[in-house]
């Protein structure tokens, strides 16, 4: 699958938080219920470490408290402890194998870890219990995109729109599916439908920016991405995408500031290092560029166009063998620009 220039965003998942201790509440000690409710309040306030501690106290007093395991899993998820979250969801499901809320949340954690087949399996099970849930179809569609099953993703997003005809997130995700299928006109139609529903929808603005990059309309891409960053100035992907456009528009120092800010919020984004490499390449600091490309490759071996730019860096250093090897690798990854460089320089 040909990836977006940087990263195309799908609409966010929704975690299922249990606010009550369900029917078993009367069977538990008052102190256990008190810890559970304090944990719930901490989650509502986004005090995730406190929430985790309160749910842990509830579990310490009652190790059969499946709702506490589920909610502690959410607290761990929100602090990016996805493996720990899965452990808690597993424990909740050991206590009750039909606990669909924990299944749904576990699918979310699997998604974040790139365990897409596991996420799909959980969502398929949830759909058996809730066959008319727009949220579950939405999330399964995002999994299908990651599995490169875009036709199946489109069917799920169409089902969401049957259930919720004006769902903005479904328009965004449907556009993303078409984007991955390289059906640019269809992608633009659905991103624009999302923006008709909500002109301040930052996901849609970002994805329109990515689309305009594809069309090499960098000024319009700049306009869309600037709006996305104005709405969410600390979003690392938006900053990174905007920086790429600024490099294309020769706004190099502004681009570098955005890339440094992006790394502050997300240290291990291979596309940010790739773009830093492009920045240094345009500045003529070729060795620095190669260092950034190597960092990007260490994180994502097939980051888009990485071998194209790496080849350019080697060429500037008259390292022709290394340049041709880079472009050859890029061609194997589907980068057409590498084919042109190979034909012009290596054959």
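Note that Cβ sites are derived from N, Cα and C of the backbone, with glycine treated the same way.
TrEMBL has this to say about the protein:
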COILED    242-269  coiled coil
REPEAT    66-99  repeat 'TPR'
REPEAT    100-133  repeat 'TPR'
REPEAT    134-167  repeat 'TPR'
REPEAT    168-201  repeat 'TPR'
REPEAT    202-235  repeat 'TPR'
REPEAT    270-303  repeat 'TPR'
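Under DSSP, the residues of the repeat 'TPR' (270-303) split into helix, strand and coil as follows: 28 helix, 0 strand, 6 coil. Under DSSP, residues within the repeat 'TPR' (168-201) fall into helix, strand and coil as 27 helix, 0 strand, 7 coil.
Sorting the repeat 'TPR' (202-235) by DSSP state (H, G, I as helix; E, B as strand; all else coil) yields 27 helix, 0 strand, 7 coil. With a cut-off of 8 Å between Cβ atoms, the residues of this chain six or more beyond the repeat 'TPR' (100-133) that come close are 13, 15-16, 18, 66, 69-70, 73-74, 77, 80, 82-83, 85-86, 89-90, 92-93, 139-140, 142-144, 146-147, 163.
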